[in-house]
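Here's the structure, in structure tokens; my notes come after.
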Amino acid sequence: MGALAVFAVACLAAVASVAHAADTKKPNFVVIFTDDQDAIQNSTHPHYMPSLHKYIRYPGVELSQYFVTTPVCCPSRTNLXRGQFAHNTNFTSVLPPYGGWAKWKGLGIDQSYLPLWLKDQGYNTYYVGKFLVDYSVSNYQQVPRAGTISMPXVTPYTFDYNTRLQRNGATPNIYPGEYSTDVIRDKGVAQIKSAVAAGKPFYAQISPIAPHTSTQISTNPATGVTRSYFFPPIPAPPHWQLFSDANLPGGSXNKNLYEVDVSDKPAWIRALPLAQQNNRTYQEEIYRLRLRSLGPDELIEQVVKTLDEAGVLDNTYIIYSADNGYHVGAHRFGAGKTTGYEEDLRVPFLIRGPGIKASKSDKPQNSKVGLHVDFAPTILSLAGASHLLGDKGLDGTPLGLYANDDGTLPSDYPRPEQHRQQFQGEFWGGWSDELLQNLRSQPNNTWKVVRTYDESSKQGWKLIAQCTNERELYDLRKDPGELYNIYDKAKPAVRSRLEGLLAVLAVCKGESCSNPWKILHPDGTVKNFTQALNSKYDRIYNAIRPFTYKRCLPYLDWDNEDSQFKTQIRGANPAAGVGHHRLLTAASERAIATRRRAQAAVSAELADGPAVFQAKVEEKSVPVPQDILKADVEKWFAFNNAEYYLA
């Protein structure tokens, strides 16, 4: 090679090195995202999750007032990645037609959400584990636009603790004798090693199914009926004997275990029987099995050690959270989620990383309200892309991490004068207990909730509006367990202000979600709930018509949900936006079913280059045999019992 050529190569190498160095100044992100983990019933206690505290909480911070807004997996995961409430994504259920993989794609969510926004900022993105329930054996060839390397779990294997996973559209693999959380841990660690080797900033999400129930889909050979069966979570073999002395925390501040008097609760809750001793004993064991299944704690340790050995730990944000909360034995319930009560809405959120002051404490060091819709704006801001926040139609705002700034948090990280002190939650559909078969399902569990929290006084209020238009109001400072519905006894000013907030937040979009006071008080005189309680505003709030439902529906229909602010916030025809509920005709259902069957028959694996690092567990993996895969496709069709579900 001539001297000139050598010089040219050297120059190119120098430019590449400088570019690489500049690129790596951006922080990395590792998100560990569990399934159905509560923040109320002590699941994150250091006795049960010591690594969570050692490796994330003590060198970072826990947000004590962190909530989901739709407490069920797939809509909540969509809120997280899109930064929008479910009434703005119109992704409102786990399965079609109101949720599911096809609706996720049909709404265009996979065309514009957090992983793709980060890729546009020069990031590699990685994903392994639970994705959407309806991402299944019938459609796995359609690779989620979620990452450089994407390894989502595939239904009906998603909630099998002997898991199957696929990689970038290839046939799902079985991992004989391997435990789900261990497989996801090993593959997540391998992805991190691959990400570091690639030399670009990265976002890696690791989503174990724990501590979700173990779920099987089976066909009764005698009747031909296919249905799902829920069982308590299955711990890893070494963990079966752990925490045998653990009991449900009935003596906690909430004190709502097996609530005797539910006369002030909605009619459908009053219809639930009080748990008898045999069911209480069973629920105690469910609780212990949930604790024993928290293998993600070991995952945390492996992730931190991998980042440390790679020399990137100090430039990496590590986040731990869950898709929704969970209750065992609260009120009259058995085990599950989907209600508007605290057990289901509150989830853990812990973070460490550059710019965040170490708490070095067992006590939460940040009590600013945070929501899943705030997650995407937070990541963008930490990644140096806060300039994008106004371009993505986000309902959320960055989390209050500025309260824990060690002086090196990005200078453009938003620091609002007034942090969010109120939010809304919502759910559409029925209620059923996951594990107590004696509790009858209830069809009318569609609801909205508005919740406030004043960081200085610790005062919190909650108003729940059921689709039957029954109301519940709780003073959360005096009654954190939501035992005493004071709707008829509360001061009129408190009730009217909460009704006013709900009327705005139930239909909010964009800025009105984080700052409803701008709608209620356009002159800017009121910026929080405490100020709104001033008697001089009584006439304003007494004139506001309460939010109501016309009837109970299992889906979002703007004509069914009435607020006097709907036109002001959403325009004259809100159904024309993303929130449109599109009914399918019989002809379109048949066409969709035909197309889906054709797609499900495709067996050719997508071409894909090997990862830089392969998890050792891959040595044991084998593809799911085609005859079993075909049978499972038919089983999944039969389970859904409506062909357009798989559209």
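Note that Cβ sites are derived from N, Cα and C of the backbone, with glycine treated the same way.
The structure displayed is predicted, hence computed values, not measured ones.
Noted in Swiss-Prot for the protein shown:
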| type | residues | note |
| --- | --- | --- |
| ACT_SITE | Cys73 | active site, nucleophile |
| BINDING | Asp35, Asp36, Cys73, Asp323, Asn324 | Ca(2+) binding site |
| CARBOHYD | Asn42 | N-linked glycosylation site |
| CARBOHYD | Asn90 | N-linked glycosylation site |
| CARBOHYD | Asn279 | N-linked glycosylation site |
| CARBOHYD | Asn444 | N-linked glycosylation site |
| CARBOHYD | Asn528 | N-linked glycosylation site |
| MOD_RES | Cys73 | 3-oxoalanine (Cys) |
| SIGNAL | 1-21 | signal peptide |
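Location within the structure of each feature annotated in Swiss-Prot.
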| residue | record | Cβ within 10 Å |
| --- | --- | --- |
| Asp35 | Ca(2+) binding site | 23 |
| Asp36 | Ca(2+) binding site | 26 |
| Asn42 | N-linked glycosylation site | 16 |
| Cys73 | active site, nucleophile | 24 |
| Asn90 | N-linked glycosylation site | 25 |
| Asn279 | N-linked glycosylation site | 20 |
| Asp323 | Ca(2+) binding site | 27 |
| Asn324 | Ca(2+) binding site | 25 |
| Asn444 | N-linked glycosylation site | 20 |
| Asn528 | N-linked glycosylation site | 15 |
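Across the structure, Asp36 (Ca(2+) binding site) and Asn90 (N-linked glycosylation site) are spaced 22 Å apart at their Cα atoms.
What surrounds the Ca(2+) site, by Cβ distance within 8 Å of the Cβ centroid and not counting Asp35, Asp36, Cys73, Asp323, Asn324, is the set Thr34, Gln37, Val72, Ser76, Arg77, His212, Ala322, Tyr326, Lys337 from the same chain. The recorded positions recorded for this entry are Asn42, Cys73, Asn279, Asn444, Asn528, and the Cα of Cys73 lies nearest to that of Asn324 (Ca(2+) binding site). Nearest to Cys73 (active site, nucleophile) in space, judged by Cα atoms and limited to the recorded positions Asn90, Asn279, Asp323, is Asp323. Mapped onto three states, the DSSP output places Asp36 (Ca(2+) binding site) in coil. When Cα-Cα distances from Asn444 (N-linked glycosylation site) are compared across the recorded positions Asp35, Asn42, Asn90, Asn279, Asn528, the shortest belongs to Asn90. Within the set of recorded positions Asp35, Asn42, Asn90, Asn279, the entry lying nearest in space to Asn528 (N-linked glycosylation site) is Asn90 (CA atoms).
For Asp35 (Ca(2+) binding site), the nearest neighbour among the listed glycosylation sites (Asn42, Asn90, Asn279), judged by C-alpha distance, is Asn42. You'll find the Cα of Asp323 (Ca(2+) binding site) roughly 17 Å from the Cα of Asn42 (N-linked glycosylation site).
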